[in-house]
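> TrEMBL lists 1-107, 114-265 with the feature domain 'MARVEL'. Annotated transmembrane segment per TrEMBL: 12-32, 52-74, 81-103, 123-144, 151-172, 184-207, 240-261, in sequence order.
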Amino acid sequence: MGFGRGDIGNWSMSIWCFCFTVTLIIVMVELWRLPSRFPFYWYNFPVTYACYAALVCLSTSIIYSITYVQFLLYGPSRDRAITATAFSCIASVVYALDVAWVWDWYDLDDISCYVHTVPGLLKVLETFVAGVIFAFLSNTSLYLHQPALEWCVAVYSICFILAAVVLLLNLGEWEYRLPVPFPIFQLVLTTLSVLLYISALVLWPLYQFYEEFGGQPQRFSDGDCRDELTYNMCTWDQRLAVAILTAINLLAYMADLGYWACQVSVGTEDQPRDS
């Protein structure tokens with residue numbers, strides 16, 4: 001466009017380029033009839049990617065328009081940015097339709113598709129929200145000054161790794177190779193994640209927004225937020241975004257915990273009892 005895009009603009013451009021590249025690779029694999037060379041995970045990979053791409057494009061459209069487009073001066077550059085935002089929204093809708101219609105392209109009666117299950121969708125949501133949190137945490141000034149906030153970052157990292165491991169186990173169809181039943185394995189990991197996220201939900205707002213703990217309760221107290229003509233989110237807004245995303249992910253983990261608790265309970269009731 002002939003001028004600097006700032007961090008938000010560069011981040012958005014990288015997201016769109018990544019989605020285009022991976023989608024092109026998937027199309028080429030399909031056209032060249034290469035899925036048979038990926039017998040363990042190919043049928044799960046395109047729909048899993050489409051789930052993430054739909055969420056990423058939607059979040060990029062929102063963040064790009066709120067923190068970048070509205071600050072551009074009227075003219076060709078603003079029109080191009082608005083057009084890019086509109087097509088990003090369209091892309092998110094198309095990716096969502098891809099997820100909804102994938103069973104029309106594959107015979108999934110004999111092929112299990114993990115992301116078409118409740119826990120699969122929840123794992124996609126959990127890892128995606130954690131990824132957005134990491135994007136905000138790239139500003140290390142948010143947490144390096146306080147051990148309690150560093151603990152929150154550790155919580156986000158640990159829970160993301162646990163969710164990613166579960167997702168990879170299912171995509172690779174290795175979940176039944178574990179030494180313990182998979183529902184119990186899921187229940188234990190999800191319980192741990194819920195407890196960790198509860199601690200983060202308490203500590204992050206406490207040390208970010210309460211003066212007694214060194215936080216900033218008011219947005220105007222943050223010098224970065226006083227400059228309205230900026231292409232970057234101010235520090236206080238980033239703190240608030242992380243707090244909201246922490247609450248959202250905790251709700252997702254609690255729904256996941258409820259699902260696996262029911263599964264384990266039903267499985268226990270179905271087991272024959274000794275007479």
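Glycine is treated like the rest: Cβ placed from N, Cα and C.
Keep in mind it's a predicted model, so treat the numbers as computed, not measured.
Provide an account of the burial state, proximal residues and distances for the features listed.
This prediction places the mean pLDDT of the domain 'MARVEL' (1-107) at 81.
For the transmembrane segment (12-32), the residues of the chain that approach it from at least six positions outside its boundaries are 5, 38, 42, 45-46, 49, 53, 56-57, 60, 63-64, 68, 84, 88, 91, judged by C-beta separation under 8 angstroms.
Sequence-distant contacts of the transmembrane segment (184-207), counting only residues of its own chain at least 6 positions beyond either end whose CB sits under 8 Å from a CB of the stretch, comprise 119, 126, 146, 148-149, 151-152, 155-156, 158-159, 162-163, 166, 175, 178, 213-215, 239, 242-243, 246-247, 249-250, 253-254, 256-257, 260-261, 263-264.
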> Near the transmembrane segment (151-172), which same-chain residues lie under 8 Å Cβ to Cβ, leaving out any that are not at least 6 residues past its ends?
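Counting only partners 6 or more residues beyond its ends, the transmembrane segment (151-172) has Cβ contacts under 8 Å with 40-41, 44-45, 48, 114, 120, 123-124, 126-127, 130-131, 133-134, 137, 143, 178, 186, 189, 192-193, 196-197, 199-200, 203-204, 246, 249, 253.
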> With DSSP, how much of the domain 'MARVEL' (1-107) is helix, how much strand and how much coil, in residues?
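Going through the domain 'MARVEL' (1-107) residue by residue, I get 84 helix, 0 strand, 23 coil.
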